[in-house]
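Some notes on the structure that comes next.
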Amino acid sequence: MATRVPPPKRVKLSGPNVPKPAPPPTQAPSVVVQFRSSVDGSALGPAINLPADTARDGMEMLVNKLKGGEDDDPTPFAFSLLIPNPDPNAQSTDPIKIPVPNSLQSDVLAPTPASLALLKTSIGLGNDFALPTFTSEDIFTVLCEPQAVWRVRPVSRCSSTLTGHSSPILSGAISPSGNLAVTGAGDATARIWDLTTELPKCTLVGHRGWVLCVAWDPLERFIATGGHDGLVRIWDVKTGKPVGDAMSGHSKWIMSLAWEPSHLASTTAPRLASSSKDGTVRVWSLATRRTQYTLGGHTACVNVVRWGGDGLLYTASSDRSVRVWNSADGKLVRILSDHAHWVTTMALSSDHILRTGPYGHEGKRPKDDEEAKAVALSRYQAHVATMPETIITGSDDHTLFLWPAQHASAAAATPKKPLARLTGHQKPVSHVAFSPDGRFIASAGLDNSVKVWDGKTGRFAASLRGHVGAVYRLAWSSDSRMIISASKDTTLKIWDLKTHKIKIDLPGHTDEVYFVDWVADKVISGGRDKSVKIWKH
């Protein structure tokens, strides 16, 4: 006898368990937009009728078309809306610029309470400020400010191979101005190199173990080094001599160092944060050369510490958590714990601005520390006006998490959940970095690949394949158009972000390349072959 198929179940049309149909999506209104140049205020073309939810990328495409730019390499723009000053008692009658980082709909017409609070903070308005009411007949005047109109020429040759270290080079960094570089090696020394003359400047001797990490003061006065001996040492850049004795307190080796941003730090007593294998983070004052406070919430090795531009400290640990601290008093603000394995790498969207401080691509040097502090503050404020300070973390669980902008107050409405979970790597993530403009994220993995993601949404953009060994480190060009990666396969590769292909292959090292850094038009690399290579165009 054949088996009969049971009749299908009847669909319930009513009842408490019947899901209600989703409401139809509301259509964004159309608005009339007049794009104007931020340089002279001239109109870039006729007024255009477009949907209010047109994203920034769409507006960039329109402006490039109006300006007749190149389709293969369009100029990125930052947009701001001009509105009349609502304060009748204001001394200036100039209109107010409202940043439009996303779209007119989400930033101006229907902003969320969180984005409205961020807007008031970024343009310095009081809590009683309210956006004006717009009608369908209003013309929105949008200023267009070109971003990264300058270009960095890709390096194409090794101009110098510098020797001196007797053990593999484990860490290195170029100074904020791009004139000097420092490397730390397994021979218990660090060395300063002059990138202009391409000669060694001085040797920093004092550690009793491997120099695992190095960090430049944003004003380029000091260098901090952390070693396998658990000591943190400060060095004078001009003389190469140690500034006082070593700062001791950690019971195990130093994993990461972070200077207080120059626009927040005291010009006479800057502070430094160090993370250690002992599970603690210490904040040191250079005035007293003592620990100001210790952050002891982690239960395993603290792999990375970052000092944010709004006064927050971020720590990533092998206890699978990321913690946010208030740098003023050392109190815990928030715990972010979504990773399933060790959190080994972390980056802020403002890393490039905080690292370079007052040194921009124009090559100008500040006259004194006060001017440097003011310039660094203006650069940081201009950056976060279009791109809030977000965090990206990478883990040995093969994933990355993009976290929303954090706030110093524990009571602030900051979600603990990540904005996105970035999957795609087949092995642990070794390094992650935001592009200088914050629009993209690049991650390096032990699966021989470099992956590119959207900096705001975390959406996958491209996978860059060409290395035949694990990729250890990567760095962005300062115009956000290229990435350079260092690999176990002994090569460096420069990737074009437009084509997502190799632009230039840089062989030369004879063994694994452990670090690479790129500032201005100079690249420096080092690794297991004990040599430092300087690359230029």
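Heads up, the Cβ atoms here are built off N, Cα and C, so glycines get one too.
Residues 1-29 are the range that TrEMBL records as region 'Disordered', among 1-29, 349-377. Averaged over the domain 'NLE' (31-80), the predicted model has a pLDDT of 82. Per-stretch counts of Cβ pairs under 8 Å to the repeat 'WD' (506-537) identify 162-197 as the leading one among 162-197, 204-245, 295-335. Across 162-197, 295-335, 464-505, stretch 162-197 shows the highest tally of CB pairs under 8 A with the repeat 'WD' (204-245).
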